[in-house]
């Protein structure tokens, strides 16, 4: 039965702009037993790690941050594993397969946010926070209002991202493994809950590390075999690809992805600032011992991800040569079997045979598990630490907080499974785009200004943050993706697909205006507290390290 894999595009941040290139009609494939066996090996191994981790999770610190004893190198790998989705691998390589050079430009968009995290956020975040970014945002501001806003921003981002991942996971597994969609969604949800429920951050970290290593190895092998085919010459790679691609030399020309400068700028800002506001990424900086290790984490993560996206570019051009020009991988109509999303999977078969094809399919499944585990833990910590322990029941014991966190994991898991089933045939490609827009318009401005602007007050942060969040949601609804494609209206009220340029501007302007006009005694006190916060953020003085942090 024919299915539309728009959900796969949704598992890639802001992939909606490339939906035409990386989505299309696909068929459920025959059961891939080699892939299933390899995936079962991965599951058994990671469940063993979860059991090992569960014996070492004795406190709140262990559960949320793995005791703060993850090294910078390990955390860099885990961050890369948390950030690189299955669709980063399949989607971007498919985009290169169809559009050529534009795929490289698009993939680089995922890296532009990391220098901001490295130079502006990582060190200060680690010096000021303990478990969530709300610890930093509320350091000198009113705990209640700021934590509620931060938790809401986190939960909305996590929920949207999680639904998109679950639907994408079901479609992807149905495509690669031949398993039933509902079985796939339940399987992902159950494994996700087991990793987080029993192993906490320690198990999640090692699942992400293993996934990153497997993905980097698989992509490296594919790129190596492609380059070997062309004599390790990029000139030969591009020449052969241009010779067989229907667009010819045009695949080396940029500019086909974004329709106008406003959309390009808005997309870029959303990718850049959204990355710096993702709660499951920011939470990883509390797993290392100090600010130095936090900086090293970003350095290693950026290196791993940069290397990975270069590999997807080579893989995409390799697919043009070895898959696009091979009738074995096409149906009777001349289209790629399974759709363009299968370009990298077919290439795995072309360069490594059925065994390597099974390995790549299993790795694609593993990437989904690593991402949803990180999302679930971030959502649970927002509820248990930010809302329960610091707003609704101040002074709650560690045991009570951990109990709430684990209950939240179960609730999030069940909700994710239910919504994954309900949204099976819905267009959810907008969800991750909206998640990034909210992260960029609500979370990022508050984090940045709370650390760098001495005049920020609770009033400004609250009003500006909520304005940014609401603006992002409203403009996304009124834009072409939801208003026209989903709701069926003839013309969009808001003409641009990406609201980030406007919603980020509203957030920063609102925070500045309402802080600058705040003449209350509370506002004056909050401004006076900035100096002490600044000294701690720069020096780390007073920060607890390692297992005690």
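Heads up, the Cβ atoms here are built off N, Cα and C, so glycines get one too.
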In Swiss-Prot, which of 77-97, 329-349 is tagged transmembrane segment?
77-97
Pick from 241-261, 493-513: which range does Swiss-Prot record as transmembrane segment?
493-513
Between the candidate ranges 12-32, 33-53, where does Swiss-Prot place the transmembrane segment annotation?
33-53
Stretch winning on C-beta pairs under 8 A with the transmembrane segment (206-226) (pool: 262-282, 303-323, 404-424, 464-484, 493-513) is 303-323
Using a threshold of three or more Cβ pairs below 8 Å, and leaving out pairs closer than 6 in sequence, do the transmembrane segment (183-203) and the transmembrane segment (303-323) count as in contact?
no
When you scan the chain for residues with a C-beta under 8 Å from the transmembrane segment (33-53), skipping those not six or more beyond its ends, what do you find?
176-177, 179, 191, 194-195, 198-200, 202-203, 206-207, 210, 214, 354-355, 357-359, 361-362, 365-366, 369
The answer for the transmembrane segment (355-375), taking Cβ pairs under 8 Å and residues 6+ beyond its ends, is 11, 32-39, 41-42, 46, 81-82, 84-86, 89-90, 158, 161-162, 165-166, 168-169, 172-173, 176-177, 188, 191-192, 195-196, 203-204, 207-208, 210-212, 214-215, 218, 221-222, 280, 283-284, 344-345, 348-349, 416
How about long-range neighbours of the transmembrane segment (464-484): same chain, 6 or more residues beyond its ends, C-beta under 8 Å?
16, 149, 152-153, 156, 429-430, 433-434, 437-438, 440-442, 445-446, 490-500, 502-504, 506-515
